[in-house]
Amino acid sequence: MARRSLALLAAALAILQVASARSWLRQFTTDGTVRMGSDASGQQVVMLNLDRSSGAAGLNSKQQFLYGEFSFEMKLIRGNSAGTVSCFYLSSGTDDWRDEIDMELLGNSSCQPVVLNTNVWANGDGKKEHQFDLWFDPSADHHTYTIIWNPSNILFKVDNVFIRSFKRYADLPYPSSKPMTLHATLWDGSYWATEKGKVPIDWNNAPFVVSYRSFYASACVSGGACHAGRDGWMRKQLSRAELGTVKWAERNYMRYNYCQDGWRFPQGLPAECSRS
């Protein structure tokens, strides 16, 4: 019995750190058209392809997680990508009470900035978006997108820049008990992605391709206890300097903040909006 308990605990605290595309792709099932290839530097990449006939493409982790640090390097669609959505997110399912943590890159018309939508769902409530115009061309090279999820906060990072911290409050819903699957997807979001749905996909530009490489996960695998302090991410909170980069991103690149949308919340803004 003790040996079995130790085995379960080891599985629960497994650290998944994988480098090559071929090795980390084994951790996922796939949907739609997913291909292997190499980038200009010779590194292996996984390419998600979207066209009218094949439909959405995606990766779905075989394991579920309860807290962890997760990242992908992504290179987005070149040219007019309006209507497409390139995602990297965690989700407990599709039910009305799901938990979810999103990083969604919304396609753009040529010469317009790509918008990064971050969102947190807790018990089915997902109206917690912060959106940013990216300050670089995400189709020119791979950039790293990171989610850190622990019992205290959820942190969003682009390359080495923290852009958002979603704090936990004892009296408010927070993703803390539902194991989540990790997904990376490319799909048609014409109804909302670009300029609130005003600019749909132009299928004449298909196929649309997003390249993923260097998947990283240091996480607690669902199935047992997850002890605080196992790795740096478990207790990670932003330093003063890192809070400064959040303020920098908000000041210079924030496009939408749900805590400033009184029209959406006529009965009053969500409670966390008034807390520091």
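A Cβ is built for glycine as well, from the same backbone N, Cα and C atoms used for every other residue.
Automated prediction, rather than curation, is the source of TrEMBL annotations.
Here is what TrEMBL records for this protein:
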type: ACT_SITE; residues: E100; note: active site, nucleophile
type: ACT_SITE; residues: E104; note: active site, proton donor
type: DOMAIN; residues: 22-212; note: domain 'GH16'
type: CARBOHYD; residues: N108; note: N-linked glycosylation site
type: SIGNAL; residues: 1-21; note: signal peptide
Can you tell me the mean pLDDT for the domain 'GH16' (22-212)? 95
Is it possible to get the count of other C-beta atoms within 10 angstroms of the C-beta of E104 (active site, proton donor)? 19
In angstrom units, rounded to an integer, how far apart are the Cα atoms of E100 (active site, nucleophile) and N108 (N-linked glycosylation site)? 24
Can you tell me how many other Cβ atoms are located within 10 Å of the Cβ belonging to E100 (active site, nucleophile)? 20
Does anything in the same chain, at least 6 positions from the residue listed as 'N-linked glycosylation site', have a Cβ under 8 Å from its Cβ, and if so what? N80, S81, A82, V114, V115, T194
